[in-house]
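Student: Annotation comment: TrEMBL describes SER144, GLU213, HIS241 as Mg(2+) binding site. Per TrEMBL, the feature ATP binding site maps to ARG377, ASP391.
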Amino acid sequence: MQGRSFLQLHARRIHRFSTFLATCANVYIIKDSPVLLYSRKMSNTSVKRCVHTTDRYETAVKTLYKLLSNRDYLNSATKDKSQARSPLKFLDTVKYLVRSGVTLERLDSLSVIHVAGTKGKGSTCAYTESILREHNFKTGFFSSPHLVTVRERIRINGRPISESLFAEYFWKVYRKLEDAKEHECDMPMYFKFLTILMFNIFLDENVDVAIIEVGIGGLYDSTNVVRNPVCVGITSLALEHTNLLGDTIEDIAYQKSGIFKPGTVAFSVPQSPQAMRVLERRAIELKCKLHVVPRFDEYKWENLTPVHEVRNMTRQQNASLAIQIATEWISSNRNKFSTVARNVVNDGSYDTVTNSQVTVSTDKIAIGLAGCKWPGRMQYMRSSLGNFFLDGAHTIESMKCCISWFTDLSGKNGRRLLIFNTSGTRDPTILLSLLKPLRFHKAYFVPNFAGIQSLDDDMNYVASDEQIVKCEVNARVWGTNSVVARDVLQVFQYIKNGTESESSYENGERYQILVTGSLHLIGAVLAVLDPHLSMKTQY
């Protein structure tokens with residue numbers, strides 16, 4: 001550090017600030033288009049700088065998608081189960097992490113909350129992040145998959161990182177890994193790369209807490225390089241990715257409990273007896289304190305806002321888990337954040353392990369829960385086409401929750417429409433049988449494509465014949481009043497034509513449109529309805 005000037009030490013910040021000023025003063029970007037409008041006073045250098053930033057981001061995303069994707073990994077792992085359950089996966093992550101410039105010792109300095117589970121882990125992380133941010137902590141949040149843009153996966157203070165920040169760190173990490181590779185294929189896969197990128201960003205940007213959602217499983221997941229998380233959470237468990245994680249609920253529980261670490265406090269929602277026995281045994285083996293969270297209705301709320309906002313039972317379960325995790329994290333950091341901690345934790349009397357009535361001593365937890373926005377999960381939006389209900393349910397249990405939520409909110413007024421697809425090799429027959437009794441006026445079966453070209457779409461812009469055939473099979477399973485479309489835009493046009501031609505809709509009734517079956521389908525719909533994830537639409 002000695003001998004370096006102030007300008008050298010702060011060159012990056014000065015560059016960002018000067019670029020920001022130039023952009024604010026002279027550049028207008030329309031809907032993330034790389035086409036820039038600039039005033040006559042703007043210099044050619046400024047234009048080149050802005051275009052260069054856009055180019056760097058676009059090239060970064062294209063380069064990222066050249067890495068082996070999760071979809072490719074799942075396909076290959078299905079053929080070779082040992083690949084998915086190998087400790088070598090963990091060692092690989094460590095190898096690439098160190099090559100990127102982050103040692104395990106440096107990673108230990110990151111204050112981590114780690115969450116695994118089958119259903120609700122993303123929602124639990126979102127609630128946890130919102131609660132901690134409400135207490136003025138600088139939060140980092142890593143989740144998957146993304147809906148519209150890959151930047152959603154890495155959030156700071158609740159917002160996806162900017163294109164410029166993503167590009168800056170992407171090329172920094174990518175070039176280090178490229179320079180260190182020992183052979184042509186010696187690069188991390190897509191998810192593993194994003195995990196390493198996330199750790200670099202959260203460390204360099206000095207977040208107070210990193211809330212990290214597990215990708216698949218837990219034990220051998222790329223995120224499990226964390227050695228000393230402050231606390232961990234286990235959401236509801238069910239059979240999933242059985243080709244990777246095992247064929248029984250006990251196998252699933254064993255994999256999820258892989259995030260338990262010695263001396264760490266773990267919280268779980270209530271589980272089946274079979275799953276809970278495994279979690280309890282693993283907690284003892286790993287010297288980890290395991291607690292089951294109380295029911296949401298056992299909290300004594302001074303402010304009833306959370307009770308009104310978090311109405312669904314599944315959401316309430318996830319919210320209770322988030323409350324316990326957030327409170328434990330703040331309690332564990334009393335020395336570091338003593339002023340805030342005293343405002344959050346009820347002087348040490350907050351009991352996280354019993355089923356007795358729990359008193360929340362501040363409105364900040366309530367505000368955090370009520371203000372949490374998690375797109376694509378039980379999300380309601382109004383548009384000119386009708387009322388949209390979006391939920392990425394893709395298991396039997398999550399679909400039952402989705403149906404209950406949709407039925408309660410949509411009521412009996414207005415015709416119901418279904419937009420449906422599944423991802424991967426999942427059998428949609430059972431999910432469709434659950435949806436059938438809702439008496440939809442029409443059911444649209446469509447590939448997970450918006451119909452508009454998107455930089456962050458890692459697949460082809462046009463659906464393949466195979467994907468169309470899959471939709472046709474689903475339509476035959478459904479039976480009458482089913483429609484197959486090539487993309488989401490075509491579905492919207494069909495719906496628009498219907499609203500214009502059906503005289504029954506002249507009286508002000510609105511379509512109640514349920515979109516479900518796949519988060520990737522939700523992403524395609526949001527790419528049209530709400531491309532900036534503002535949680536509102538002008539469509």
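Start at 1 and count along the chain as shown; that gives each residue its number.
Just so it is clear, glycine is given a Cβ too, placed from its N, Cα and C backbone atoms.
Model, not experiment: these values are computed from the prediction.
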Student: Going by C-alpha distance, which of the binding-site residues SER144, GLU213, HIS241 is nearest to ASP391 (ATP binding site)?
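Tutor: Nearest candidate: SER144.
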Student: Mind giving me a neighbour count for ASP391 (ATP binding site)? Other Cβ atoms within 10 Å of its Cβ, every protein chain shown.
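Tutor: Excluding its own Cβ, ASP391 (ATP binding site) sees 23 Cβ atoms within 10 Å.
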Student: Highest Cβ count within 10 Å among the binding-site residues HIS241, ARG377: which residue is it?
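Tutor: Selected residue: ARG377.
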Student: Please work out the number of neighbouring Cβ atoms within 10 Å of the Cβ of GLU213 (Mg(2+) binding site), leaving out its own Cβ.
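Tutor: Result for GLU213 (Mg(2+) binding site): 24 neighbouring Cβ atoms inside 10 Å.
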Student: Of the binding-site residues listed here (SER144, GLU213, HIS241), which is spatially closest to ARG377 (ATP binding site) when Cα positions are compared?
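Tutor: Smallest Cα separation from ARG377 (ATP binding site) among SER144, GLU213, HIS241: SER144.
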Student: Using Cβ-Cβ distances, find the residues under 8 Å from SER144 (Mg(2+) binding site) that belong to the same chain and are at least 6 apart in sequence, listing them in sequence order.
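Tutor: Residues satisfying the criterion: ARG153, PHE191, LEU194, GLU213, GLY215.
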Student: Other residues near the Mg(2+) site, CB within 8 A of the CB centroid of SER144, GLU213, HIS241?
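Tutor: Near the Mg(2+) site, the remaining chain residues are LYS121, GLY122, PRO145, VAL214, GLY215, ILE216, ASP221.
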